[in-house]
Amino acid sequence: MSLFAVFSICTVAKDAAGVAGNLFAFGLFVSPIPTFRRIIRNGSTEMFSGLPYIYSLLNCLICMWYGTPLISADNLLVTTVNSIGAVFQFVYIIIFLMYVEKSKKVRMIVLLVAVLGVFAIILVGSLEIDDIQMRRFFVGFLSCASLISMFASPLFIIKLVIQTKSVEFMPFYLSLSTFLMSTSFFLYGLFNDDAFIYAPNGIGTVLGVTQLILYFYYENKSRDSSREPLIVSYV
């Protein structure tokens, strides 16, 4: 097989993985919709927190910037998925601000302005770096750290599932979408030889597998428990 044929296969595989990652990420982006339907219906944010959407917005903006040709080559699919994600997060934040209590609204607005300010600093600061490799390393390191922190957030849920022995707080389709998206972009990064993409998504894949294993384990345990007699005699 010629070198050109190998290159063509890798290019096709990379694009396929990137498109798949975009599709699976869309599933993640729309997953909060039921929550916001409830918020709109009840006219209150209740006990829900807006912080995850603030942090997700910053993550999407940094990763979107990393995918542009000004920072890294041939990463258009990284830009598209994070551009869509940023729009979703911004809409969620606006809706949250419409229904959150006044005491929490000021804090949310301050955090939103801070996130936009941090992104502006990253954007302008990276453009001040003339060396394209150093610029890519600077933004790539930030995007990698942001992704790892995002993928690490389910560790609290994993701990909760183990403690409660219940998957009530870990929706199956959310865990599945996270695993599929991480795996897709892990492969995308490998085919594109981009450590700033495959390293954090590799961690996300491992955490996704862990969540799925725990889901099936504790779901089966719950089913087994439900088959036990309702009346138990203690001697």
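Every residue, even glycine, has its Cβ placed from backbone N, Cα and C.
Per TrEMBL, the features are as follows:
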{"type": "TRANSMEM", "residues": "23-40", "note": "transmembrane segment"}
{"type": "TRANSMEM", "residues": "52-71", "note": "transmembrane segment"}
{"type": "TRANSMEM", "residues": "77-99", "note": "transmembrane segment"}
{"type": "TRANSMEM", "residues": "106-125", "note": "transmembrane segment"}
{"type": "TRANSMEM", "residues": "137-158", "note": "transmembrane segment"}
{"type": "TRANSMEM", "residues": "170-191", "note": "transmembrane segment"}
{"type": "TRANSMEM", "residues": "197-218", "note": "transmembrane segment"}
### Message
Using a Cβ cut-off under 8 Å, which residues of the same chain at least 6 positions beyond either end of the transmembrane segment (170-191) come close to it?
### Response
10-11, 13-14, 17-18, 20-21, 24-25, 27-28, 31, 77-78, 151, 154, 157-158, 160-161, 197-199, 201-202, 204-205, 207-209, 211-212, 214-215
### Query
Do the transmembrane segment (23-40) and the transmembrane segment (77-99) share at least 3 Cβ pairs closer than 8 Å, excluding pairs fewer than 6 residues apart in sequence?
yes
### Query
Considering pairs 6 or more residues apart, do the transmembrane segment (137-158) and the transmembrane segment (77-99) have at least three CB pairs under 8 Å?
no
### Summary
In the same chain, residues at least 6 away from the ends of the transmembrane segment (106-125) whose Cβ sits under 8 Å of its Cβ atoms read 50-51, 54, 57-58, 61-62, 65, 93, 96-97, 100, 138-139, 142
### Query
Under an 8 Å Cβ to Cβ limit, what residues of the same chain, 6 or more beyond the ends of the transmembrane segment (52-71), are close to it?
32, 77-80, 82-83, 85-86, 89-90, 92-93, 96, 108, 111-112, 115, 118-119, 122-123, 126-127, 135-136, 139-140, 142-143, 146-147, 149-150, 153, 196
### Query
In the same chain, who gets a Cβ under 8 Å from the transmembrane segment (197-218) while lying at least 6 residues past its ends?
75, 78, 143-144, 147-148, 151-152, 154-155, 157-158, 161-162, 165-167, 170, 172, 175-176, 178-183, 185-190
